[in-house]
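These come from Swiss-Prot:
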- SER83: phosphoserine (MOD_RES)
- SER156: phosphoserine (MOD_RES)
- SER168: phosphoserine (MOD_RES)
- SER174: phosphoserine (MOD_RES)
- 189-215: region 'Disordered' (REGION)
- 192-211: compositional bias 'Low complexity' (COMPBIAS)
- SER211: phosphoserine (MOD_RES)
- THR214: phosphothreonine (MOD_RES)
- THR216: phosphothreonine (MOD_RES)
- SER218: phosphoserine (MOD_RES)
- 223-342: domain 'C2 1' (DOMAIN)
- 344-471: domain 'C2 2' (DOMAIN)
Amino acid sequence: MATEFIKSCCGGCFYGETEKHNFSVERDFKAAVPNSQNATISVPPLTSVSVKPQLGCTEDYLLSKLPSDGKEVPFVVPKFKLSYIQPRTQETPSHLEELEGSARASFGDRKVELSSSSQHGPSYDVYNPFYMYQHISPDLSRRFPPRSEVKRLYGSVCDLRTNKLPGSPGLSKSMFDLTNSSQRFIQRHDSLSSVPSSSSSRKNSQGSNRSLDTITLSGDERDFGRLNVKLFYNSSVEQIWITVLQCRDLSWPSSYGDTPTVSIKGILTLPKPVHFKSSAKEGSNAIEFMETFVFAIKLQNLQTVRLVFKIQTQTPRKKTIGECSMSLRTLSTQEMDYSLDITPPSKISVCHAELELGTCFQAVNSRIQLQILEARYLPSSSTPLTLSFFVKVGMFSSGELIYKKKTRLLKASNGRVKWGETMIFPLIQSEKEIVFLIKLYSRSSVRRKHFVGQIWISEDSNNIEAVNQWKETVINPEKVVIRWHKLNPS
């Protein structure tokens, strides 16, 4: 009985407080509503709201957020505007015309220079690396008719789009005309060593000028032809301009017929190699390409980059029939012609790596000091993983291995590795015919070491630079002789 009496008393107290609270809130709200004529929020009657008695809460939360002076609470809906979508048919955006970058200015100046002394002739678009003047699919020409009012000229790396300048029906005769090429200076380079070589007269024993192509040659004596290119470096905008002119006296297998389709593939041996390709031409004694490729490359990278050309047949089947290469460290800001000797494609991987070595004969201490300084033109990895390189050195006396040492393993950066290590090899009076065998290896984290190339340092070496370095070292004791050496694949 006592328990039920206490419950009824407590319930009456709470119920009474709740009714008083509801009555006071309803009275305040009715007094506030007439003061706001255009209230945008409608509140349902308090009788429909179930107010649960809670300890410590004196009023409803939503009602406490209403303005105390009865101001209108607006509800604003944001206005949405349609965004502008650039039409796809607009091929020359107006904002590009306002861009006067160094690359665009250089391209415009170059175009004016080429067009200043042009002659009427076939209109070759040399700035388009994939331009094909005579090889256009009939199906594409029907579906996409040519539009003469818009021309897009571009290089392979830099986007150099600009309107075609008026008055340029052909190319500059001073740059691309080969009819007077005999009167101009052409520097001929060996494709392997990139050393200028003399052009000997092609005469037989009777002194006639009969071409040696009529004589059947075999093996290494055969002439595979020459590739004529034009190069120069624009240092102001850090661009290299490569113009493939023509391929002369090219030989191909007889199974390919009399007129196979030939193209030139170029490679810049950067850490991430850059590839470009000319249009396909019909094979002949002198294949004209006349195509220019523009690439952005920093000046310091020219010391470590080689330019490799591969001559490929497209029909009757795709195959590399010749290759040639040259170093870019001697590239000039003046435009120069190069004639590269084409060699047969190697069946093994071509090694373009070079190693800088220093030698010193210390006669007082009876020892030879060998310095492994630096390597360049290193091959890049086909995977995202960076290759590391090291050098192994072996000292031989009379054909027997006496000492062997190696450098530490270092990662390549921009195709270069700098060791700067010095190795000491003691000498004994009985030791004769000293020979050093130096090998370069690469290693990745997913496979074993891989042989890159090697060089013999001795007076009997097959490398002229190695022979000269060894002779100078022996003749001049205590003198450090430093030379760059191109590594051989075997």
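Glycine is treated like the rest: Cβ placed from N, Cα and C.
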Mean of the pLDDT scores, which run from 0 to 100, over the domain 'C2 2' (344-471): 87
Helix, strand and coil totals (DSSP H, G, I; E, B; other) for the domain 'C2 1' (223-342): 8 helix, 69 strand, 43 coil
For the domain 'C2 2' (344-471), residues assigned helix / strand / coil by DSSP: 8 helix, 68 strand, 52 coil
